[in-house]
Amino acid sequence: MAAAAVPPRGIRRLCRVLLFLSQFYILSGGEHSQPLAQAVKDPGPTRTFTVIPGAAESTDIPPYVMKCPSNGLCSRLPADCIECRTNYSCVYGKPVTFDCTVKPSVTCVDQDFKSQKNFAINMTCRFCWQLPESDYECTNNTSCMTVSCPRQRYHANCTVRDHIHCLGNRTFPKMLYCNWTGGYKWSTALALSITLGGFGADRFYLGQWREGLGKLFSFGGLGIWTLIDVLLIGVGYVGPADGSLYI
C-alpha cells in the first residue's frame with residue numbers, strides 16, 4: 001500500500017514544478033509582451049499639416065485677366081487691366097496724359113514689341129458720366145411710356161465701354177428717356193387708319209381694343225373719329241398701347 005502511494009506523490013511534485021515554471025514563464029514573458037503590445041498599439045507621434053489659404057489663392061487667376069489681351073499693346077488695354085495715376089485738376093475737354101501701370105498677371109508690349117509694365121496714356125479730361133452716349137451702355141426699361149406728354153424718363157445704370165478711358169467711377173446712374181419698341185410699325189398703323197379706320201382696325205392693331213370697339217360700333221364716329229385718328233397717328237401722337245415706340 002505504501003509503495004502504491006508513491007506515484008501519486010511524485011505526480012503531485014511534478015505538477016507543482018510545472019505550475020511554478022509556467023507561472024515564472026508567464027511573469028517573465030508578460031514583462032516583454034507589454035512593451036511589444038504597446039509598440040503595436042501606439043501609432044507614434046501624429047503629424048499635423050496646416051493648409052495656408054493664401055498659398056492656394058495665389059494660383060488663382062484674377063477675374064480681370066479674361067478681359068486683357070495677351071501680348072497686346074499696353075496703350076490699347078481695357079481700363080480694367082491697368083492702374084493710372086489720374087489728376088482731377090485737369091482742364092475739362094483738354095487732352096491730358098497719365099502714367100499707368102499694368103495690373104498683376106497682365107502682359108503687354110510697346111511699339112517695338114518689348115515687354116512693358118509702365119507706360120503713358122493719352123485721353124480727354126472728363127468724367128465718365130460726361131461721355132457721349134455712344135461710349136457707354138445703360139440698362140433698358142420696358143415698363144415706361146415712350147409716347148406721353150411730357151416724355152417720361154427712367155433711372156438707368158450705365159457702364160463705360162472697355163476701351164474708353166475717363167475719370168471717376170466707370171459705373172454711374174443716369175436719367176434717360178424711355179426708348180424701346182414692341183415691334184409696331186408706324187406705316188402699318190397709318191395704312192390701317194386710312195383704309196379700315198372706320199372699323200377700328202388701327203386701334204386694334206395698336207392694342208387699344210376699347211377704342212377699337214368704340215370705333216367699330218359707331219362706324220368710326222360717323223367718320224369724324226376716323227379723320228382725327230389719321231391725323232394723330234400721322235404725327236405720332238397716338239402710339240402702341242404698351243407705351244413703346246414705332247419701328
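From the backbone N, Cα and C atoms, a Cβ is placed for every residue, glycine too.
Record features, source TrEMBL:
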- 183-230: domain 'TM2' (DOMAIN)
- 1-30: signal peptide (SIGNAL)
- 184-204: transmembrane segment (TRANSMEM)
- 216-238: transmembrane segment (TRANSMEM)
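Across the domain 'TM2' (183-230), DSSP classifies residues as 38 helix, 0 strand, 10 coil. Within the model, the domain 'TM2' (183-230) carries an average pLDDT of 91.
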